[in-house]
Number of protein chains: 2
Amino acid sequence: MFLLKRKLRQLMLNPPRVLALGFAGLILIGAILLNLPIASKSGESIGFINALFTSASSVCVTGLVVVNTGEYWSLFGQIVIICLIQMGGLGFMTLATLVALILGKKITLKERLIIKEQLNQETMSGLVKLTRYVIFSTLAIEGLGAFFLSTRFIPRYGFVKGLWFSIFHSISAFCNAGFDITGNSIVPFKGDIIVNLTIAFLIIIGGLGFSVYIDMSRHKRFNRLSLHSKLVLMITLILIIVGMILFYLIECNNPGTLKTLSTKERILSSFFQSVVTRTAGFNSIDMSKMKDTTTFVMIILMFIGGSPGSTAGGIKTTTFGAILLTTFTVIKGGRNVVAYKKRIPQEIIYRALAIASIGLFLVTIISMILTISEDANFLDLLFETTSAFGTVGLSRGVTPDLSNFGKVSIMITMYLGRVGPLTMAFAFAKRQKNSIKNYRYSEGNILVG
Amino acid sequence: MFLLKRKLRQLMLNPPRVLALGFAGLILIGAILLNLPIASKSGESIGFINALFTSASSVCVTGLVVVNTGEYWSLFGQIVIICLIQMGGLGFMTLATLVALILGKKITLKERLIIKEQLNQETMSGLVKLTRYVIFSTLAIEGLGAFFLSTRFIPRYGFVKGLWFSIFHSISAFCNAGFDITGNSIVPFKGDIIVNLTIAFLIIIGGLGFSVYIDMSRHKRFNRLSLHSKLVLMITLILIIVGMILFYLIECNNPGTLKTLSTKERILSSFFQSVVTRTAGFNSIDMSKMKDTTTFVMIILMFIGGSPGSTAGGIKTTTFGAILLTTFTVIKGGRNVVAYKKRIPQEIIYRALAIASIGLFLVTIISMILTISEDANFLDLLFETTSAFGTVGLSRGVTPDLSNFGKVSIMITMYLGRVGPLTMAFAFAKRQKNSIKNYRYSEGNILVG
Ligand SMILES: [K+]
Ligand SMILES: [K+]
């Protein structure tokens, strides 16, 4: 009895495990609600696998769908979905803190630890303040986004529907979810500057991570920001620009995508597609008509994803940055990885290496399994798997036709991509208690490359 | 004048640069010879681009071909090709040492440095002895291989042709070149145990690297081997077994490959294909009839390649091993990467990371460029590019139909794959003279994953 209690306490004191199980629980609750007949417009239940898939896709803010969100689900279903997105995006623990705050109770150290893990915040102090800040800024930003969107949606869809559409898409964009209820993503608005820019900025802000905003609001100048914030901003900027240029250059002669557009629309679409590809999963252009080259570029962008502690998935911009910096350091013959006059410790580099390899391994294994179980083009399956891992939600149209086995595989990939492969490993792997013992080993050289 | 002399001396004292330029020179000489009309059976010149491609493929021991080696080239052409393979495989600097030895001249320290770079040998002593050892064991192993092959080739092709075929394929196998003159690789011998095992063992021995044999001949027991040798042997074994099992399981129901074979032939073919895929480029099975899943497995194996200091290409088994070990270490929460009770230094891990990222970057960029310039399936282009980078030479049939631009791209990939991306970077990048200055920077933390 005492042993059981201690085991239970140990479990609860392992924040990655609580995080992993919490997400799983939320997905299950969502699946039960979406499985109800009233969740669909037709009044018939969608079936458990599809309900589970949609719930997982919502909670993991992925946006891969088996049915068209706008056409299939009833208002009740859509509300369940957007709530799951908001909870998944903000992190269920932040929500738990909100509840705790409202009830006026003090949160425990254990709960603080979990929120810390969730937000990747290094310092323990001010976590309650941080959580309050996170929730209020999220609501403020989403409100502002919904306002801008409503200026275009209300004239088109009428007041009630237009307002609902504005709120839904603002939350979906800020949480980097990529769910849409227009029926065809934002293809109908591909030339509309306000809709494109609002959604793009909601996605960018949502994908930077809260620690970066806090840093930015404290230190107004770039030079004074922390190394983390500098790297996040720089890599994000580089990825957006490179993606935009590649997308423009490769697709500008493709009649299925950019060729028929005006120069203004081409630039806007390229910018938009570059921004959303890394994590958000909206599309203003038909994905299945893209060239293989662009598809491959997008697979890489999706794999990299957004920034840590944000609503985005993927291996994260800083992981990519750390690998890039290490590579340049080795080429130049240096021993230490230096960025903005700060040395990045070995521990972080090893961690980045591990995250990238686990990510690559996961995407590879799942794509391989899908090439056996599904009857589809390899590139499309790789695209869909990476989209799930990066919790992006872009699709080349394969997802609705997946077998149940394929749906479960993609579901697992979304879940692992959202929780983070390393967090997952930390949650369930037996960890070395004392790694100091390794110091007694002598160095052994190997030749690489 | 003095400045020019000093510049020239500086150039010569940079071993990676001499290596890179030496390979380029050998490729050019080979191209001139293969461009001659007498090199082809028809008596007409093949044209410079194709001659250059064949020469690059031979020197880089890749085996990708624009024409069928057995059907197109005259005996003169085939002799040029096998000589280029032997020189490329052994390394042109080892050959230069041989010449120096024959002429009775002492080799200079500078030349020793270059051989050291070439063979990845850590110690400077006994390099002449090593070179002699390398050359004589190569000839001995190739002779033995040719003998075994001749027991099957002479009865089939007659004495002279059979002997020539035996010598050609033994050299090609040991140097991991994958060139064949049977007209259809070793598909005609897919059930022949002697041919399969002889070629497989020549490839395995050639792909381990000389430092491993020397280590093995000195210390007979596995426990006494160096960390490098242990890792090379272990990773090679794991890759062969995993590749064999995957190949068997995925292809056993494919009528185009394994289904029509007996169980014995299936196992033999799976073993053979797993061995050759990582570097040697022979095939006993039609590559273009393989399933996408197998193709993808093979792309990964080709990317990993053989071991350092061997005739193989790719990022190398030890690089892959170092990344794998680091990942497990991070998952377990350890700080030091430990293998066989030895700590692998940070420098090596960073190097492995850099090699893998440069390799990935190269394969990605070239595949992307090819999807624009060529009219072929994405998976086939990725396969061909990885085959070139890993100097494997397996083909899904795309190479002969490449545009000149595509041929040049694949040629560059083969060259970079053989010289090694990091060696290439060392050869021409401006290196930090004093990296100690970096120690003055304070540590800066970033969040990854
Ligand atoms: K998404
Ligand atoms: K080869």
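Just so you know, glycine gets a Cβ as well, placed from its N, Cα and C.
According to TrEMBL, the features are:
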type	residues	note
TRANSMEM	B:20-40	transmembrane segment
TRANSMEM	B:46-67	transmembrane segment
TRANSMEM	B:79-103	transmembrane segment
TRANSMEM	B:130-150	transmembrane segment
TRANSMEM	B:162-181	transmembrane segment
TRANSMEM	B:193-210	transmembrane segment
TRANSMEM	B:231-250	transmembrane segment
TRANSMEM	B:296-328	transmembrane segment
TRANSMEM	B:348-372	transmembrane segment
TRANSMEM	B:408-429	transmembrane segment
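Counting only same-chain residues 6+ beyond the ends of the transmembrane segment (B:162-181), those with a CB under 8 A from a CB of the stretch are 57-58, 61-63, 65, 69-70, 73, 78, 81-82, 85-86, 88-90, 138, 141-143, 145-147, 149-150, 153-156, 198-199, 202-203, 205-207, 276, 279-282, 306, 310-313, 391-394. Looking at B:20-40, B:46-67, B:130-150, B:231-250, B:296-328, the range that has the most CB pairs within less than 8 A of the transmembrane segment (B:348-372) turns out to be B:296-328. Long-range contacts of the transmembrane segment (B:296-328) within the same chain, counting only residues at least 6 positions beyond its ends with a Cβ under 8 Å from a Cβ of the stretch, are 60-62, 89-90, 119-121, 174-177, 206-212, 228, 231-232, 234-236, 239, 243, 246-247, 250, 273-274, 277-280, 290, 337-339, 344, 348-349, 352-353, 355-356, 359-360, 363, 379, 382-383, 386-387, 389-392, 394, 417-418.
Most Cβ pairs within less than 8 Å of the transmembrane segment (B:193-210), among stretches B:46-67, B:130-150, B:231-250, belong to B:130-150.
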